[in-house]
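One structure below.
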């Protein structure tokens, strides 16, 4: 009786909640992975320096290429409209295919996560294989999850509603960071390994359960004549777009890239997003350094660890406030406001100077939180670009995963530029090479190999001043560049409403064609 009630309760959950719960099952794994995978291989498995850098280099190449590769393999059929046995592929079938893919790839992501914490091969080989396997399945899960945001709902209101639950569940998943502190012990790794097994088991079962619920919703919506809403406005209702029912040429990868090159808003967006990805990873990479050299005399190590941990949770909670603003004012206006806020706070901090610890602590934390929060909002902009791409190129179906993959291809180099440019700027300004002393690592990660001792104390003020100027001038530069590129982006206001209307009209027209065949 209790089991039946539980099943009935789960079946009654809103689709937005079920979709958002997928973010929980991703974040509980990924945050722990980010914090501990380096320290595990360096301090526990004792990987050598050469094998570590070879693995990271191969991972960098694979991480950059797998997004467009998997996106193309997933969505290339939507770019072609060649007849195929007289049958077409409806948008509902596309959503079902994405949900089934999540049902398979989610548990495989959990298994690949487990492979990090059990030694089963030489450390260098295991490091390389684990990174590539984990990132491959993570990319597949992320692409299909993001693509569903564009496929389940059409209106900006409903997409922000779906994204609201993603932020809520991502914040809940980030709590795994705090729970992991109780189990992390390099000397006795068994308790942490058990903790990771529990996380992976919960995540894998969660993916299976959530995707089954979501699949039932989509199938039920296809059977009922009224077609009840899947998201909020029923993104799939009455929408039976056939892929392959009208005569058109097959689109090659080269032709698709030419179409993207003519997509003006896509080009301005990826230019802005490249700077955003750079700034997000710059904050992540240099957060411990800023705490050490700017605030170590004013806060304890445990306070610094707490600040770093809370910075994983706060961006998601922050978005719970910003997403309602997006519904009211539009994503474009909110993102522009965040860029202006970033510029204003950075200029204020520059004028205040490095000798105000309270203001410094607030600025370091808020800079990371607002920057990460902006990244979460930009997913909604990509879904609008999916709509515009469909309308501009008269596609039979939105190539959602492919467009997300192409955005990632252009913007992921920002992840690499962030530590390289940051360390170069610091060295150029202060003459201090970060690779000559181990940086402070308050949270799980540590400098892999012992290095020569720190420079003499006489250099400390110069290094502190360099860290301060790096802290404030990078956000100012990023904000100026982003405000310029964002001002060239026209997919908002009247144009966005026109694109949405044209996509909905296209859906109705093609539905009529299907009924007449």
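Heads up, the Cβ atoms here are built off N, Cα and C, so glycines get one too.
Ranges compared are 222-243, 244-265, 266-287, and TrEMBL records transmembrane segment for 266-287.
Note on TrEMBL: of 52-70, 71-89, 299-317, the range annotated with the feature transmembrane segment is 299-317. For the transmembrane segment (266-287), the residues of the chain that approach it from at least six positions outside its boundaries are 260, 308, 311, 364, 367-368, 371-372, 374-375, 378, 381-382, 385, 389, 403, 406-407, 410-415, 417-419, 421-422, 470-471, 474-475, 478, 481-482, 485-486, 488-489, judged by C-beta separation under 8 angstroms. Put simply, of 16-38, 124-141, 162-184, 190-214, 329-352, the stretch with the most CB pairs closer than 8 A to the transmembrane segment (101-118) is 190-214. The transmembrane segment (16-38) is not in contact with the transmembrane segment (329-352), judged by fewer than 3 CB-CB distances under 8 Å for residue pairs 6 or more apart in sequence.
Listed by sequence, the residues of this chain that lie at least six past the ends of the transmembrane segment (162-184) yet keep a Cβ under 8 A from its Cβ atoms are 16-17, 19-29, 31-32, 35-36, 149, 152-153, 191-192, 194-195, 199, 231, 309, 312-313, 316-317, 319-320, 323-324, 376-377, 379-380, 444.
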